[in-house]
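The block underneath contains the structure these notes are about, expressed in structure tokens.
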Amino acid sequence: MKTLLLTLVVVTIVCLDLGYTMTCCNQQSSQPKTTTPCAESSCYKKTWKDNRGTIIERGCGCPNVKPGIDLMCCKTDECNN
């Protein structure tokens, strides 16, 4: 019985992947790709235009944005590249 209980606990931990940390891209505009581990369950990519051209900001979470800023939020590793 103890073996069965231990097996169920191990299977539950493996299935839930309790130690999983999401990875999001965090480079700005056309910089080389960089990533960061995130505590949040989503990544974002904000895009807007100013006098320098198109600006892209990437990171963890899904922030609120001002009008005129395009926001794309997603929930898989490096989905905001």
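Even glycines carry a Cβ here, placed using N, Cα and C.
Under the heading signal peptide, Swiss-Prot lists 1-21.
Secondary structure from DSSP puts CYS24 (disulfide bond) in a beta strand. According to Swiss-Prot, the feature disulfide bond maps to CYS24-CYS43 (among others), an assignment based on similarity to another entry.
The disulfide bond annotation in Swiss-Prot covers CYS38-CYS60 (among others). Taken residue by residue with DSSP, CYS38 (disulfide bond) is part of a strand.
Within the same chain, residues at least six positions away from CYS73 (disulfide bond) with a Cβ under 8 Å of its Cβ are SER42, CYS43, TYR44, CYS62. Taken from Swiss-Prot, the feature disulfide bond covers CYS62-CYS73 (among others), and the record attributes it to similarity to another entry.
Marked as disulfide bond by Swiss-Prot: CYS74-CYS79 (among others). Following the DSSP three-state reduction, the secondary structure of CYS79 (disulfide bond) is coil. Of all the Cβ atoms in the protein chains shown, 17 others lie within 10 Å of the Cβ of CYS79 (disulfide bond).
CYS60 (disulfide bond) is 10 Å away from CYS74 (disulfide bond) when you measure Cα to Cα. The disulfide-bonded residues listed here are CYS38, CYS43, CYS60, CYS62, CYS74; among them, CYS43 has the most other Cβ atoms within 10 Å of its own Cβ.
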